[in-house]
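Asks: Feature list, courtesy of Swiss-Prot:
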type: DOMAIN; residues: 3-167; note: domain 'EngA-type G 1'
type: BINDING; residues: 9-16, 57-61, 119-122; note: GTP 1 binding site
type: DOMAIN; residues: 210-383; note: domain 'EngA-type G 2'
type: BINDING; residues: 216-223, 263-267, 328-331; note: GTP 2 binding site
type: DOMAIN; residues: 384-468; note: domain 'KH-like'
């Protein structure tokens with residue numbers, strides 16, 4: 001289960017700053033759903049390569065002490081309900097306010113783990129600034145400087161410890177501010193595997209059912225499509241126990257291949273499909289994407305592609321998931337409208353040109369069966385193992401066709417490539433000065449590998465590693481003849497000085 005962390009507090013206490021730091025973005029627009037989840041932003045975050053979580057920025061809770069409860073009901077109650085843990089942010093420079101007291105009073109009423117976080121304590125006496133906040137009746141408080149990353153890692157370790165058994169919480173003294181700025185600039189280590197680990201991962205993925213997440217905006221036909229798929233296969237539908245925000249996992253089999261349908265809309269009785277109003281939970285959808293192998297994004301052909309569609313697509317890409325696009329409600333459209341829809345898809349979805357697009361009618365079943373051809377193709381592309389010799393040969397062909405650029409008078413040299421992981425496929429390239437490669441050449445290599453390996457339906461990632469020079473720290477050792485020549489030269493130099 002991917003934990004969900006909600007950031008709650010009044011305006012200007014640093015929620016967006018912390019959100020941007022956790023998601024490693026600059027504009028806090030990681031997964032923004034305007035209109036549907038007003039004033040709440042959703043993003044992927046990682047404490048390290050093994051511990052992922054979803055973070056929600058609730059926006060500011062504004063108003064007086066009397067009005068705070070109303071504002072919270074409008075924009076933050078839903079986020080608090082979705083969250084596994086709440087980080088209640090206050091401003092250490094501004095001190096305690098009536099709005100802070102009202103928020104704290106509400107959090108005490110609900111049975112939800114909450115942590116008081118005093119932000120903006122850099123450059124001031126932190127203990128003195130925090131003194132007033134003990135009036136809120138909390139057992140502990142955590143001091144951070146979100147703008148500089150101080151204390152953020154220790155805070156996250158403490159907040160996420162109940163959800164990860166192997167996560168060691170900080171043993172630092174309460175109130176102590178640690179210099180943990182490595183969270184600010186650190187890059188997440190790429191998912192790298194040895195050859196043996198890559199082979200083991202490939203075998204594991206081939207033996208498991210394909211987990212397919214069906215996602216999309218409300219009322220695009222996700223539930224209709226889910227029931228159409230299940231109805232065609234005549235499987236027994238059951239739902240696994242979970243909370244109200246958990247997706248339903250439905251096992252099924254098609255053409256001898258096992259699948260698990262991750263239904264974010266919930267399973268409906270077949271006779272009541274049209275009576276059901278589709279509910280949309282952002283957290284449920286994002287969790288489904290994280291847990292899936294292949295993501296099936298359903299788009300409404302009768303509406304323009306929205307920012308919500310692009311946000312969901314971007315989230316799936318960032319998670320490295322294989323993608324298949326289903327344009328639903330295609331039946332009944334005249335040819336002119338269909339052509340306009342296709343042009344709009346080409347214009348706005350050019351960044352996922354590797355994904356197959358299907359035009360379907362979930363209600364009547366048109367084109368639904370062909371979806372599984374693309375789903376299997378995408379999964380195979382994401383998990384098929386490619387040997388080091390093949391990857392190195394493709395890399396050599398790419399550099400022969402278009403050499404790497406010169407940097408400070410020296411040409412960047414790529415030596416060899418090997419598989420670094422799957423789902424999504426990762427290619428690791430070793431060479432000299434590879435960190436100096438421009439983004440344009442990296443994109444060229446990515447497209448070259450995709451075309452050569454015929455990878456469809458999945459993103460591909462390339463990691464670059466500088467090859468170590470084995471003689472870098474070793475002093476030159478002269479041969480016997482070179483040593484004699486050196487002595488003669490030194491003797492000549494000394495005689496000239498005399």
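Note: Cβ is positioned from N, Cα and C throughout, glycine not excepted.
The shown structure was predicted, so the numbers you read here are calculated from the model rather than taken from an experiment.
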Asks: Please list, for the domain 'KH-like' (384-468), how many residues fall into helix, strand and coil according to DSSP.
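Replies: Summed by class, the stretch gives 32 helix, 26 strand, 27 coil.
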Asks: For residue 9 (GTP 1 binding site), list the number of other Cβ atoms lying within 10 Å of its Cβ atom.
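Replies: Taking all protein chains shown, residue 9 (GTP 1 binding site) has 26 Cβ neighbours within 10 Å.
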Asks: Over the span of the domain 'EngA-type G 1' (3-167), how high is the average pLDDT in this prediction?
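Replies: In the predicted model, the domain 'EngA-type G 1' (3-167) has a mean pLDDT of 79.
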Asks: Based on Cα distances to residue 330 (GTP 2 binding site), point out the closest of the binding-site residues 9, 58, 121.
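Replies: The smallest Cα gap between residue 330 (GTP 2 binding site) and any of the binding-site residues is with 58.
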Asks: Give the distance between the Cα atoms of residue 121 (GTP 1 binding site) and residue 264 (GTP 2 binding site), rounded to the nearest whole Å.
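Replies: Cα to Cα, residue 121 (GTP 1 binding site) and residue 264 (GTP 2 binding site) are separated by 41 Å.
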Asks: Which of the three DSSP states, helix, strand or coil, fits residue 15 (GTP 1 binding site)?
Replies: helix
Asks: Taking the Cα atoms as reference points, how far is residue 15 (GTP 1 binding site) from residue 216 (GTP 2 binding site) in Å?
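Replies: Between the alpha carbons of residue 15 (GTP 1 binding site) and residue 216 (GTP 2 binding site) there are 28 Å.
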Asks: Roughly how many Å lie between the Cα atoms of residue 216 (GTP 2 binding site) and residue 9 (GTP 1 binding site), rounded to a whole value?
Replies: 30
Asks: Among 219, 222, 264, these being the binding-site residues, pick the one whose CA is nearest to that of residue 9 (GTP 1 binding site).
Replies: 264
Asks: Tell me the Cβ neighbour count for residue 330 (GTP 2 binding site), meaning other Cβ atoms within 10 Å of its Cβ, over all protein chains shown.
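Replies: Around the Cβ of residue 330 (GTP 2 binding site), 21 other Cβ atoms lie within 10 Å.
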Asks: How many Å lie between the Cα of residue 264 (GTP 2 binding site) and the Cα of residue 58 (GTP 1 binding site)?
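Replies: That separation, Cα to Cα, works out to 22 Å.
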Asks: What is the total of other Cβ atoms whose distance to the Cβ of residue 58 (GTP 1 binding site) is within 10 Å?
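Replies: Taking all protein chains shown, residue 58 (GTP 1 binding site) has 24 Cβ neighbours within 10 Å.
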